[in-house]
Structures are given as C-alpha cells and as structure tokens.
C-alpha cells in the first residue's frame, strides 16, 4: 500500500509543477516565464472580468412583485411557485384577508408538514440545505461557490473543451478556431457539471440548478453567441438541483442525479424522455460515474451508501460504507476496477469487477469487499519555509485514459496556512498486481489552490492533466511516459486527428495548445 | 412468400405464452385491486372499524365471488382484445378524415362495442359490490292507487351506463392516442422492476382519465339520459318513481356520494384495464434471445438470420432486430457466431443475411424519405404522402391472410393494408365490399390525390432514383414491410405521365361539402412526418446493430467478412444521413421533440424521427472513430468521402 510518506517533498514556495519527464516531476520558477506560460498554454479568467449576478432570486422577487394583487392572484402565484406548501404559507401569512378558520387550518397543516419534514431532515440532514449549498456540498469541485471556473470538460474526441464560469456562462475553446462561442441560457444557473456527448461533435450536457441543458453547438458555426434555441431543456418534477451527470460511452443515454431525488434519471436525450430508476435508501443521488467500458455506473448517495449499477438490465449492487458517504470515484479504462474515496476517511479504496461487459451479471461474481490501496493520512514534510502538512480527506479522483496516472485532489485545510489543498499524483500499475506508486505533487503558483482537475481523453505522449486554480487560471500539466502495456484507448478511443509535432524536449511549446486562446 | 411454419411458430410459441402470462398476472392482480376498490367505495370516516369488518365480510360473500369471476372474465377478454389489436408500427392518421376512417373501421367498431359491453359488466359488478341503493335495477313499491309495482332504480342504471360510457371512450381514445401501439424500451429492465416503476404512472393516469370520463358522462347523461331510461322502462315494464328526483336533472346529479362512487368505479375499471395493457406491453417487448445459428437444420427457421429475413409477423422481426442490436452491443460470444463462416463451404452466411437485411431496411427508409421530399418539393408546403394515414400495422393477425403479390409494381412503402377482420375470414379472396372504403384504395375518397401522384411518379421512373437505386432493383428487394396486398391489385392506376394530376387540378368549383372534406383532408404536417418514421424503431436497431458489429469487427472479425460490406454500409448510412438532413430542413419538420406528457398513451412514435437522427449520427461516428484514417482506403464516391472526412474531423 502506498502512502504519502513515500512521495518526494512538495516544491518550495515560488515554484510550480511544469510536467513529468523521465520519471520525475519538473518544476519551474514562476517569476521568469510566468507571462509567456500563461499566454501560450493556458487560460486565465480574472475574477474581476466576470459580470456577476449581484442579486439573488429572492431579493429580485421582492422588488418586482406587486403587493396590491388580490389574495386569489397571490394564492395562484404561490401555488405555481411554491406548490402546496407555498400556497399554505401564503394563506397563513395573509390572515387579515382570509377567514380565520382557513388561516388557522392552513397554519396547522403547515406546522404538521414542517414537523414531518423535520423528521425526514433528521434522517437525511442534506434535505434542509438550499440548492446552492447542496451543489457546493456534493460537487466534485473544491469550494464550489467561490470558484471562478465551476466546471470543465474536455471533448472526448476532438481537441476542444468547455468551461463553465462563475457568471453562469459557458465558453467553448477550440485551438483550431479563433471563435470561442459563449453559451448563455435563462435556465443555466449554478452549473455543477458539464460533459460532452461521446460520439458526437456538438452535444454538451450541462447540469444546472433546476434542469438539465443539452446544447447543440455546431462546430462549423461562426456565431459567438448561439441562441438558446440550440439547447434542449430536460427537466423532471422533483429532480433538482442536478449535481452530477454522466453520458454513456456509447453516446446514447445520459444519466443525471440530484441529491433531493431518490431516483436516478436515465435520459434518452434525442427524444427528451426519461426513465426514473428508483431505489429505496440513501435519500438522493449525488455523484455519478460511468465506467469507460460502459458496463457499470457508480452512483453515490448522501448517506453512507453507494450503488454500482449494471447497465444492461439496470440492476444495482448496494455498497454500505462504514463512515461517510462516497465522495468521489473513478473507473479504470477497461471498467474492471473502481477506485473511490469516502468522506471522513483518508484512504483510497478499490473494488474489482471481474465480469467483462459481455458476460451476464449472474455469472460475473462481483467483489465481496473493498480493499484499501492507498493511505493518504496527513504527513509532515520539512522544508526551509517551515513544515508543510499534506494529506487528509479527498475531494476528487481522476484516472488518466490509459490507466497509468491517478490524480487525487486533497482538500487540505483552508484555515491553516501550512495545510494547503494539493494534487497528489500516483503511478498506477495493473500487472502483475494492482498497485499505486508515488509520482509527486502538482502545485501551482503561490496562493493558488487547485479546485478542479481532469485528464485529457486522448493525449498522445502519456497523460495531460488540466487543472483549474482558485486564481481563475487553467493550466495543463503533461506527463510524458511510454505506456507499459498495450494502449487501452487505441481501439475504442479516437484516432489522432491532428498530429502534434514530436517535440518532447520543448515542453513549453506543446503545439496542441499554442493557439492564443483568451 | 413465407411458409407457415417459419412465421407462426413464433406466434404460437412465444407471443401466445407471453400474452397468457401477462393476462394471468393481471387476473392475479385483480384480487388486491378489487379489495382496495371495495374498501375505498365503502369507506366511512365515522366508523372505520365497522368499514373494515364490512369489507371483509363482503369479500367472503358469494356475490362478490361471482362478481370477481365476472371481472376476471372481463380482464381476460380485454387481454385478448389487446393481443388481437396490438401493433408495433403505429397507425398515424395524417388528416382528420383519415382518423374518422380509422374510428369507423368495422374492426374498430367491433372493439369499441366489446369494450362498451365489458364496461357495462364492470359497472354491474361495481353496483352489486357497492350495494346499498345501487344494487338492483328495479325495486318493488306501491303505486298511487295501491297496486304493487316495480320501479326503476335509476342509480343502478347510471352505474351501468357510466361503465359502458367509460369503456367506449377508453376504446375511442385508444384509437386516437394509438394505445394499441407497443413500443420498446430504450432502457432494459427486469419485468418486475419495470412494472413497479410504471405503477404510479398507471394509477395517476387512470384516476385522471376517470375524472374526465365521468365528467363527460354526466354531461351526456344530463342531455340524453331520458332515452335509455324510457327505453329500459318500456322493455322491462318498469315504472318511474315520481317521488324521487330524476337523475338527469341538476339537483339529481349534484350528489357527492354518487359522483364519488362513479369516479371510483371508473378509476377501478380503467386501472384494471391499464394494468392489463401495461403487463402485456412489458411481457411482449421482453428481449427474446434467438440462436444465431443452430447445429440442426430442422431448427434453422428458429435462428436469428432466418427470422430477420422473414417479413411476417412484424413482432418477431422487431424482436429479432432488438436481439440483434443487443447482441452486437453486449455479447462477444454471439458476435463471433455472426462473424463465423459456414462449416462446409466457408461462406459468411450469417453476416451476409444480417447485413443484407439491415441495409435493405436503411435503403427502404432512404427511398421513402427521398420520395417524400420529391412530393413536398413540388408544391412547397406539405401536401404530402398520405400512405401513412392508411398504413396499418401488419400485426400477426394477418398472417394467414396473405397471398403476396410478387409482381405488384409498387414501391414497398405503399403496400400497407389494414389487416381487416374480414379479410381474414375470406383469406385469399377479393376483399369484401364492406372493407373497401377503408383500405388504401387509391380511388377511395380517403386517399389524397398526392398519393396517386406519388404512385405514378414512382412507377414512371422519376429522376430521383439516380441518387438511391434504380427502382427496378428496388422492386427485387424483398418487400420488408408488406402484408397482404390483394386489395391493391384492383386499384392500380395506370403508370402513365398523363395520370399525374398537378395540385392545381383540384375541383375547380368545390361545393360546400367538397370544401369541408378538402379541409378535413388537409395534411397535418407533423403527422405526415411522424407517419414517415412510424416504423423507425426497426431502423434504429438496424443502425445500432450494424455500427456495433462493424466496431467489434475491428478486433473480433477473424475472417474479414465485414470488410467486404463496409463500403456499402458506409454509403447507405451516408445516403440516409443526407435524406434525413434534407427532411429536417423541410419548413414544417419541427427540429425539437414535443414534451411528452405523462399518460398511458405511447408518445414514443411521435419522437422516433429524432431518435433516428441521433442514432444515425452516433452510428457513423462509431464507425469513423473506430477505423479512423483506415477509412480512406474504403472505396466510395467523392461526395461521400467529403462527408466522411467531416465526420472524421468531428465537424458534423
């Protein structure tokens, strides 16, 4: 079992990680090539450049609602906005205009409802949270409400990516074109996740606060502001906020999850229909991850329980955890191994699924217990600047498409200066036995903490980790290595479309990302 | 065209058993449903314990056992009607008059009457079970002059009529909303879980539908209630009691207890029927695993390629396609059988049959789309192909009726005739005059002139064939969708250019009635587009199966059998892509699916074209991402190569 004590110490202050080459992480000083680096390789979204919503929904409502409406109109509006409880609330508050018995009755019913829901709330504490708090709690992004870049997604085949920003807009960057379309929609608020549709050039699913949007952005279009008519709106009563989405690798189905809905929705996006898959227990679904082979889905719940769905007949296995909920998980490229992290524990667990996708599930015996593969408990590194404590709980996990590098985003402690959030990268090996080996820590500029990370789906020379930092920067850290086994992605993944020049020595001039983007 | 043993084995061995199982389950489920119904209808807030004991004693009583047997009979009958009438290709009425024609079709009238009757039986059972004032049709009393007389119990009559009305409206709505259409699920689930998931929806639908039906019934009874009342009184020699309020008055109908009982009654009726329908759909659409090849030649007709190649019955073809699509996705073992060579000879018979069938399906759709586009293009707006309006599914009921007319010079898509109940009885013979107005007779008033024009166009080798295939070749392609076509023999229009009526050649001086009919015949553009893609579930499966098999062949095909067909697969997919693109550019083809409401009617057929478009694109991408630049070595036309390059660069 691997532990953080085996890792090389974190970089001294002023240094940031550039790439991995010859089996070691190279770093560079920020001061010298800072300007050039940021302009060539990466994007920078300064917080000040975004026009933020200054008011929330409730405050604007108070400003615009005409209070001289009749009781009847207000009740109808309350029914439309808040449903039954909203109606009761309206009747109870306007007790001057309604008969006394009605306001008293509705007050009693309201109290009874609240009492019942408080029971529900004590069983599942998360149901009392507001939508934004729910997204912040269950998002894979560290400190989601404060993030400039709220979601990020590489296209699975083409070299382009989508970035969801704090001002609820989504930008699409393509190194081959000068146009970066900006997607805005009335319903696109509080984006929790974005994901491109596999086997499609243009489909982008967006998990929003109240619904799911699927954008269809024509890659040949010259428009910088595609109209909201390009977006399909998928919504289902009670299914909000959507905190996680996952496309099937075959591109036909989309699953979505909401912490307030016990059902997981399986969408047929083309016809906008959905099949709710409901199971008792858990109180909702928070995080979804579809295995790259397409045979399983990890679905975690807000309580100490997660499920692994099998996608042929849509049955599930229940996996109760001891301590907390499953915070994050990722699949090996062949879909046979699942790594996951549990809230409150500082270890990475692994589950092995022996069944290949073709074998019926009755024959494929699932694993019995999860094994601990890495220990990430806090470790102190001595450095000239003072001790740095690394380790702790895990925010998210990400495995590169070849299955050779595993990036782990550690939460750290925002209060303590010497316990930063950090990305620990492991080398992974599947043969002869599965093991994790230390690779190193990925660090950015001083003061910038990693918030979100994703591996490039088809990087030629190894793996490419894209990290979004708290400062609003997006950087790409390549890991150059030769694949140990036969490439897993060679067959199912996309063939190379554009051939980057072979210049492994010149890291700063990776031709893939040399376009001036921002 | 097809030997009886190959086509009927499936009906007798699979479909019948599935239907029987679904009906058996619905009868079993009737017991708890009835118990809940009795509890609800007898419930009183003031005496809850008394209610429960009453209900228990009622459930044990002989009369309720008898009612239960009757209700089971009704459910079995409903199940048989569903089995008889179900279809996997929806019948879409392209105009209002076509819908009227569907409703008045003798086959449909029979079904409506049967539903009406069964509704009445259920109404009687409910009246007897609820008891109290509803129990009997007549009650003894004394007339004003002291004579003992039987009086009519109007409450009982209302129950019977309400049952009949709800049954009848259920049947009518079934036609309008295509409730007999059985759609296949995109998400495969086990039967129990599927049923459990759909149960709340069924409950919601039945209560809401019951509410509307009861409302309509009350309106009808208010105005026309005196007719059955006086008729019953006359025939049964009953008298009207003048001391009680007549129910066809406002004061009589505003009776909350009566309304509640009517509503519960209607909900119970609809719920049991919907459950039967739901179970039937779940059981029939369950995946059936066909063997890909068998070791014994006796069983060869049970194999997947053989069933795929069969035209009849439709349901087996659909299930075979579904199985093919699933095996291509999920099971490497069965895929290897598809790619295998025949033992003596070394021919890839399995792959050849499978790919040929799938390609024929795609070519058929392409040809249909091109023809449609041609017709629409001539007059701008959608005064279009109405073959869909008359298109009846070829359900398995017509198996025995068909003598295929091989020489019929029709495009395949026009060869859909209603599998009429009457043509079955006179198998092979000329169709009876009764059914004549409802068959897609080109001279019938229900066929639009465009249809005739289209037929003529196809027959005279119109220029579009260049982009697809020569019609001569197409005629030799097995007619995949055809059923019995004897009704068309009589109605072939002369294939001469002179017979092409232009849209301007409508009656110059239309009478009022003619105008009215013309308006009703006006195509609903949305519907004509739906009708065009009515059977697209098959095409979706064919596309999925082909693309997954081609993808798998990259690693699994040891003998290179797929390579030989790869060019034709690619070109037919690109052809279809072109045709679909053109179709969606038509002004009336909406680019987004309508939001489906939650109800028992199947909305899937309305959105099939969107599903097809998405599947097609994904299928092409699946092939291009698998083969990548190897595809440059595949022979194809320059135009297609250009299109394919777009796919390779992810620019579609």
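Glycine is no exception: its Cβ is also placed from the backbone N, Cα and C atoms.
For B:15-38 (among others), the entry in TrEMBL reads transmembrane segment. Long-range neighbours of the transmembrane segment (B:15-38) within the same chain, counting only residues 6 or more positions beyond its ends whose Cβ lies under 8 Å from a Cβ of the stretch, are 55, 58-59, 64, 68, 71-72, 75-76, 79-80, 82-83, 126, 129, 264, 268, 271-272, 275-276, 279-280, 282-284, 286, 315-316, 396.
Marked as transmembrane segment by TrEMBL: B:58-82 (among others).
According to TrEMBL, the transmembrane segment annotation covers B:116-135 (among others).
The transmembrane segment annotation in TrEMBL covers B:155-180 (among others). Through the fold, the transmembrane segment (B:155-180) approaches residues 82, 85-87, 90-92, 99, 102-103, 108, 111-112, 114-124, 126-127, 133-137, 209-210, 213-214, 216-217, 220-221, 225, 228-229, 232, 247, 258, 261-262, 265-266, 269-270, 273, 277, 599-602, 605 of its own chain, all at least 6 residues removed from its boundaries and within a Cβ separation under 8 Å.
Counting residues 6+ beyond its ends, the transmembrane segment (B:201-224) has Cβ neighbours under 8 Å at 158, 161-162, 165-166, 169-170, 173, 247-250, 253, 259, 262-263, 266-267, 269-271, 274-275, 278, 598-600 in the same chain. TrEMBL lists B:201-224 (among others) with the feature transmembrane segment.
Residues 15, 18-19, 21-23, 25-26, 29-30, 33-34, 37, 40-41, 71, 74-75, 78-79, 82-83, 86, 119, 122-123, 126, 130, 158-159, 162-163, 166-167, 170, 179, 182-183, 191, 194-195, 198, 202-203, 205-207, 209-211, 213-214, 217-218, 315, 600 of the same chain lie 6 or more positions beyond the ends of the transmembrane segment (B:262-284) yet place their CB under 8 Å from a CB of it. Taken from TrEMBL, the feature transmembrane segment applies to B:262-284 (among others).
What TrEMBL lists as region 'Disordered' is B:380-413 (among others).
Positions annotated as compositional bias 'Low complexity' by TrEMBL: B:395-404 (among others).
Annotation comment: TrEMBL describes B:480-510 (among others) as region 'Disordered'.
Residues or ranges marked as compositional bias 'Low complexity' in TrEMBL: B:482-493 (among others).
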Beyond a gap of at least 6 residues from its ends, the CB atoms lying under 8 Å from the transmembrane segment (B:116-135) belong to 34, 37-38, 41-42, 58, 63-64, 67, 70-71, 73-74, 77-78, 153, 155-156, 159-168, 170-171, 261, 265, 268-269, 272
